[in-house]
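Data first, discussion second: the structure below is written as structure tokens.
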């Protein structure tokens with residue numbers, strides 16, 4: 001695991017984009033993408049660039065259960081607004097949050113991941129150490145699955161909704177085993193509220209109580225953090 005410290009989120013996005021360009025030059029064809037505030041500066045760099053992504057495939061980590069793609073809080077909407085509308089890909093995959101059978105949808109998504117091995121996976125990290133929507137206690141062997149979101153995650157995401165009561169209580173998420181199959185992982189974390197999770201991920205025991213700790217076992221992980229998020233690493 002390599003740690004890169006940056007001044008702020010803007011610099012973090014630039015460095016992540018440089019890593020992406022290197023990966024594309026080596027033949028990367030499938031990107032694993034994340035939502036939330038952490039990757040936004042990275043997506044801004046992609047949008048500003050002259051690179052053409054029309055031969056690439058993207059696979060997103062997760063989607064809320066119960067939100068249509070037209071909901072402005074769906075991750076499908078987020079990705080279109082922040083990246084896909086400006087930079088079309090050959091194919092974009094996200095879980096279907098309105099699937100009538102969400103368990104079958106999870107299995108369908110695993111098949112997509114199997115058919116499109118991820119070359120470059122972007123991650124954020126939750127305050128409780130979750131990656132994707134893999135909450136503490138999630139088995140490291142889990143593949144795509146339906147998640148009951150923890151109260152801390154619902155609270156953290158409530159800032160994007162009119163009311164905390166409007167935050168979906170479930171999501172479909174790529175599993176930890178799925179994430180670990182990615183050839184390269186770039187995790188972005190900014191802000192003091194991520195410091196405890198980053199410390200546990202880097203130095204703590206590998207435990208399902210802190211899902212991101214499994215990344216210690218991955219061969220190619222780069223963690224991009226600002227000084228606040230890195231404040232407990234010294």
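Positions of Cβ are set from backbone N, Cα and C atoms, glycine also.
Now, the feature entries from Swiss-Prot:
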- 62: active site, proton acceptor (ACT_SITE)
- 128: active site, for ring-opening step (ACT_SITE)
- 130: active site, proton acceptor (ACT_SITE)
- 135: active site, for ring-opening step (ACT_SITE)
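Feature map: Swiss-Prot annotations on the structure.
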residue: 62; record: active site, proton acceptor; contacts (Cβ under 8 Å, 6+ apart): 35, 75, 95, 132, 133, 147, 171, 172, 173, 174
residue: 128; record: active site, for ring-opening step; contacts (Cβ under 8 Å, 6+ apart): 135, 136, 150, 152, 153, 197, 210
residue: 130; record: active site, proton acceptor; contacts (Cβ under 8 Å, 6+ apart): 136, 138, 150, 153, 211, 212
In which DSSP state, out of helix, strand and coil, do we find residue 62 (active site, proton acceptor)? strand
With every protein chain in view, what's the tally of Cβ atoms within 10 Å of the Cβ of residue 135 (active site, for ring-opening step), excluding that atom itself? 21
